[in-house]
Amino acid sequence: MASYSSLLALMMFILVLRNVSAGNFYQDFDITWGDGRAKIIDNGDLLTLSLDKASGSGFQSKNEFLFGKIDMQLKLVPGNSAGTVTAYYLSSQGPTHDEIDFEFLGNISGDPYILHTNVFSLGKGNREQQFYLWFDPTADFHTYSILWNPQRIIFSVDGTPIREFKNSESIGVPYPKSQPMRIYSSLWNADDWATRGGIVKTDWSQAPFTASYRNFNANACVWSSGSSSCSSKSPPSTSTHAWLNEELDITGQERLKWVQKNYMIYNYCTDAKRFPQGFPSECTINSTS
């Protein structure tokens, strides 16, 4: 029969595995605003944000990261969500900040959500791509992922890539690679622009609006006291840090093209009216054609 100490060690190992695979909101995040509208429940397995006419709510990660593969499952505001925005993103601080954005723009009942993506490097954004989703994001939880390594940023939904932003420093385009970023999320009212350019306003009779989060996972380099947790561990070529060199395989490239052909509704790299002098230089490198 196994000794008590070995059983205890096994139980601790299982707990560690659980926290690595699914995360725990008490351990991984701080609620930062909302005056009680954000709640961590189910022993740290579920987090909810709510919005009413007085305020929205938000949270941020305790850790900062410099490269990583970040997963979060979200279930978005159901019903008439017009005017609301659920934001889930990585960001550093300051006027020359880096940022990697998922934003979910609500809509009236029966109309689809718009998934808005953007990438900021050294304070410059304006790299929007927008998509419809191929499912109802309010009916169940779905996984939204950001792969961020020195070569590329890949946005994925349920494992399907929807956008790739490649490192284009070779042609003079800054790339997020030196500023550690925290994970942030918020639910807020943006009815001045979010739904049909601000035409459709938030229906406060539907409040409170609620979005839910679970199964956070960060396979990432944690930045602390000026150094990365990856620098003292096994080299990036090992399976532990395989994501540091990850790229889309042929299947992934085909799935990316499928999403962009069938579900992309806006791409800054094809907006000739916005860029009459020519498209941003990174557009050629990031083209899926």
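Residue numbering: from 1, along the chain as shown.
Using N, Cα and C of the backbone, Cβ positions are placed for all residues, glycine too.
TrEMBL annotations: computationally assigned, not manually curated.
For reference, TrEMBL has these:
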- 1-22: signal peptide (SIGNAL)
- 19-213: domain 'GH16' (DOMAIN)
- GLU99: active site, nucleophile (ACT_SITE)
- GLU103: active site, proton donor (ACT_SITE)
- ASN107: N-linked glycosylation site (CARBOHYD)
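Everything TrEMBL records as a feature, shown here on the structure.
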residue: GLU99; record: active site, nucleophile; CB count, 10 Å: 18
residue: GLU103; record: active site, proton donor; CB count, 10 Å: 19
residue: ASN107; record: N-linked glycosylation site; CB count, 10 Å: 19
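Rounded to the nearest whole angstrom, the C-alpha distance between GLU99 (active site, nucleophile) and the residue listed as 'N-linked glycosylation site' is 25.
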